[in-house]
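K.L.:
Here it is, the structure in full.
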Amino acid sequence: MKPRVLVIAGPTASGKSALALDLAVALDGEIICADSLTVYRGLDIGSAKPTAEQQRQIPHHLLDIREPTEPFTAADFKLAAKAAIAAICQRGKRPILAGGTGLYLRALLRGLNDAPGEDPVLRETLRKRLECEGAETLLAELAKVDPDTSQRLHPNNRNRIIRALEVFQTTGIPLSQFQAEHGFADSPYDSLQFCLDLPRPELYQRIDDRVDAMLAAGLVAEVQGLLQSGVPADCKPLQAIGYKEVLAHLQGEYDHNEMVRLIKRNTRHFAKRQLTWFRSEPAMQWVAYPENSATIHSAAATFFA
């Protein structure tokens with residue numbers, strides 16, 4: 001029998017962490033965080049990392065396992081999450097995956113394809129073009145040959161933009177087509193997957209409130225502390241939404257009010273991309289939240305019974 005795993009997904013600020021905590025308490029579970037930022041030590045406020053009190057209440061896995069300068073990929077997440085799930089099940093607890101990084105969830109639950117088209121010389125050429133011409137230029141170029149992939153990517157996803165162009169230019173096949181045709185391996189888990197669905201105005205208000213709370217909690221000071229500790233400004237985690245705008249503000253590119261406006265705007269755009277991603281996941285069940293949270297509790301209890 002495959003291990004059973006409960007998945008709570010959704011856009012940023014939708015309430016995933018709070019719901020996962022409630023479910024873990026009710027189901028005697030432990031939480032595995034599927035988030036590309038909370039894996040990094042020192043990135044606490046801007047990543048909305050579970051608080052120390054929440055971590056004392058329920059064990060949370062895959063938090064603070066990398067330095068900001070250390071790489072962490074979807075493949076790394078898959079390995080770490082598999083080990084965490086095995087350990088949780090061995091203790092007789094219920095594993096609950098919670099997070100908004102769709103690629104991590106897909107890597108664990110459906111697998112990752114190794115696309116063809118490896119060309120280090122072309123990749124370096126594309127990297128130099130990106131530095132000179134900007135990510136938006138290469139993303140627009142990708143949209144002409146692989147619109148499905150381009151719609152899922154943000155200009156910050158530099159490596160993935162380069163990789164998608166590399167695949168197309170070496171094979172003539174869009175990365176999205178390759179993934180669709182080759183499919184994914186059978187999942188090693190029996191999963192029950194929910195995506196939290198909020199009315200867009202409510203979600204955007206939650207985002208605005210969260211950004212205000214992060215700034216009040218000391219997000220700017222957190223970034224200053226990371227820089228003072230020797231974390232380079234161009235390291236990957238500091239290019240994430242929230243951190244990169246604070247960096248630009250500290251470097252004098254714009255004032256505090258503009259920084260706040262951009263963080264809120266960019267986070268809203270990010271949430272829309274997350275929703276688009278989760279809509280492509282065939283096993284994901286969409287649940288109106290928070291009004292139907294009882295439905296999730298009931299289904300999860302039955303699932304683990």
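Cβ from N, Cα, C; glycine included.
Sharing the feature lines straight out of Swiss-Prot:
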BINDING   G10, P11, T12, A13, S14, G15, K16, S17  ATP binding site
BINDING   T12, A13, S14, G15, K16, S17  substrate binding site
REGION    35-38  region 'Interaction with substrate tRNA'
SITE      T101  site 'Interaction with substrate tRNA'
SITE      R123  site 'Interaction with substrate tRNA'
K.L.:
Fill in the CA-CA distance, G15 (ATP binding site) to T101 (site 'Interaction with substrate tRNA'), as an integer in Å.
P.N.:
14
K.L.:
For the region 'Interaction with substrate tRNA' (35-38), what is the mean per-residue pLDDT, to the nearest integer?
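P.N.:
Value for the region 'Interaction with substrate tRNA' (35-38), mean pLDDT as a whole number: 98.
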K.L.:
For the region 'Interaction with substrate tRNA' (35-38), what are the same-chain contacts with Cβ under 8 Å, counting residues 6+ beyond its ends?
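P.N.:
For the region 'Interaction with substrate tRNA' (35-38), the far contacts come to 46-50, 62-64, 72, 99-101, 104, 237, 240.
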K.L.:
Helix, strand or coil at K16 (ATP binding site), per DSSP?
P.N.:
helix
K.L.:
Which has the fewest other Cβ atoms within 10 Å: G10, P11, G15, the binding-site residues listed?
P.N.:
G15
K.L.:
Sequence gap of 6 or more, Cβ distance under 8 Å: name the residues on the same chain that satisfy this around A13 (ATP binding site), in order along the sequence.
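P.N.:
For A13 (ATP binding site), the qualifying residues are A48, L203, R206, I207, D209, R210, T267, A271.
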K.L.:
Name the residue among the recorded positions K16, R123 whose Cβ has the smallest number of other Cβ atoms within 10 Å.
P.N.:
R123
